[in-house]
Ligand code: G16
């Protein structure tokens, strides 16, 4: 590293001192904390994104968001050249960078890491980082810190893509590296044209007219509501009413949004008795999560939740059906045998896993965090992954898509088999291949419901969820809980798993686990049982155990 680069880094980093006593960790989805303490972290994440771009000689991304967290929090996520999350191999460096005590130790770390990774920062190789932020008030100044971080690496370009949903930014990074057009308009065109393609194949008897086809969307008072209103204008055959779009004075993620609806299982603000029986959906603060719900009666706040597991089940069922049509009458030796797999986490409702296995599908569990699910799903030709909280997507392998394109051209024009091929190709373009995306998920759900001629009630009754309850426990040190086996077992603190097991066996179909959150300073508790009362009591007993063991 030459002296000019060193002095630029020294000078710029001295403007972003780390807050005294702060400790940052690249968690489930990047760094998250109270926005007031994040400037130094975001500045350093800018350096990280530029170095990653230099290393891979590709465009990377940096998104300022804290997604489902409260409005006073913020965060930063790095998008790798594939559009997915930052490679896990770089997370220890991300942690070290964020926690370097002063400019000198920061500089030393960068010099050593650049040497180890053979990254040359002489300005001859150009780094390019796309930047996005959600609507949080702290986003603007943090974005400035990120730009300064990127510009601290000589020859780097920070390209501000403006206010975006997280999946839009990830999509753009992927598109840029594939040599495709990558503006927000291009994103909307790809989603809307593949949605329209799926809708042209809706069998005549399934076509729904006008407002019968209305969907009401809760935008969490975040970035998603406004963006969805723009996308809506490019769609046919679907009427969307957006509420909680952030323009009406409501607070981001407060009593609204996918996280609230999924965890609390009650109607979000601005929804109520007029919505009984309607098809409703909730996005989270940065629109990478989606859940559906029904308001069953005017007299109660409770909802019927149609969560990420049910979205996954609908997608799996539809894709399996289309593959069945495509392969009909074809000897298996003459066709590409696509491996279809499903990835869930320990939060998946037991009934959903039973249902998916009953469809004959391979179901795999990973720890929480899209980075883990995505990696696993990429091992299949068609890998469908979803967290119960509504975060997920479908990945298609290049080799399968290549075969499918070819097969589509060989099939008789207008045949059922060709239509199945067109549907699968359209799904591969509609769903975000980079990361979970509430918009592409929502459009795919809507297209499938119409193709199958299903109401939301019919979909919701695919299987009956086991009653469940999730709680959060504030503790002194959440890292004291260490888990194994895709977070189904707590190996630390010693004895806690045995105590959880002793509680769990008291409940028919009881299941419970604990894990440290990677986005909030809490231990999460999950419990399910054959009755709601059982799930609630089990969750409370396990929460008490967490308090006892962790103080
Ligand atoms: C992020 C991750 C998700 C994860 C969620 C909660 O979502 O992308 O994979 O499920 O955090 O994680 P934890 O339980 O560790 O706090 P989001 O929508 O907040 O970015």
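Glycine is no exception: its Cβ is also placed from the backbone N, Cα and C atoms.
TrEMBL: automatically predicted annotations, no manual curation.
The active site, phosphoserine intermediate annotation in TrEMBL covers 67. For residue 67 (active site, phosphoserine intermediate), the Cβ neighbour count at a 10 Å cut-off comes to 29, with all displayed protein chains included. For the recorded site, residue 67 (active site, phosphoserine intermediate), the DSSP three-state label reads coil.
Positions annotated as Mg(2+) binding site by TrEMBL: 67, 284, 286, 288. In sequence order, 67, 68, 220, 222, 224, 253, 257, 258, 259, 390, 438 make up the list of same-chain residues 6 or more apart from residue 284 (Mg(2+) binding site) whose Cβ falls under 8 Å from its Cβ. The DSSP secondary structure for residue 284 (Mg(2+) binding site) is coil.
For 387, 388, 389, 515, 516, 517, 518, 519, 524, the entry in TrEMBL reads substrate binding site. For the recorded site, residue 518 (substrate binding site), the DSSP three-state label reads coil. Take the CB of residue 518 (substrate binding site) and look out to 10 A: across all protein chains shown you find 18 other CB atoms.
Residues annotated as domain 'Alpha-D-phosphohexomutase alpha/beta/alpha' in TrEMBL: 56-89 (among others). If you average pLDDT over the domain 'Alpha-D-phosphohexomutase alpha/beta/alpha' (56-89) in this model, you get 97.
Sequence annotations record features per position, and here TrEMBL assigns domain 'Alpha-D-phosphohexomutase alpha/beta/alpha' to 124-177 (among others).
The annotation domain 'Phosphoacetylglucosamine mutase AMG1' is assigned in TrEMBL to 182-291 (among others).
If you look up TrEMBL, you'll see 307-454 (among others) marked as domain 'Phosphoacetylglucosamine mutase AMG1'.
As annotated by TrEMBL, domain 'Alpha-D-phosphohexomutase C-terminal' applies to 472-544.
Counting residues per DSSP class in helix, strand and coil order gives 3 helix, 14 strand, 17 coil for the domain 'Alpha-D-phosphohexomutase alpha/beta/alpha' (56-89). In sequence order, 470, 471, 472, 514, 515, 516, 517 make up the list of same-chain residues 6 or more apart from residue 524 (substrate binding site) whose Cβ falls under 8 Å from its Cβ. For the domain 'Alpha-D-phosphohexomutase alpha/beta/alpha' (56-89), the list of distant contacts is 26, 29-36, 38, 41-42, 45-46, 48-50, 125, 127-134, 136-139, 142-143, 146, 150, 164, 166, 169-177, 251-254, 257-259, 284-286, 288-289, 370-371, 374, 433-435, 519-520: same-chain residues at least six beyond its ends, Cβ to Cβ under 8 Å. When the C-alpha distances from residue 286 (Mg(2+) binding site) to the binding-site residues 387, 389, 518 are tabulated, the minimum falls on 389. Recorded residues residue 288 (Mg(2+) binding site) and residue 387 (substrate binding site) have their alpha carbons 11 Å apart, per Cα-Cα distance. DSSP assigns residue 387 (substrate binding site) to coil, not to a helix or a strand.
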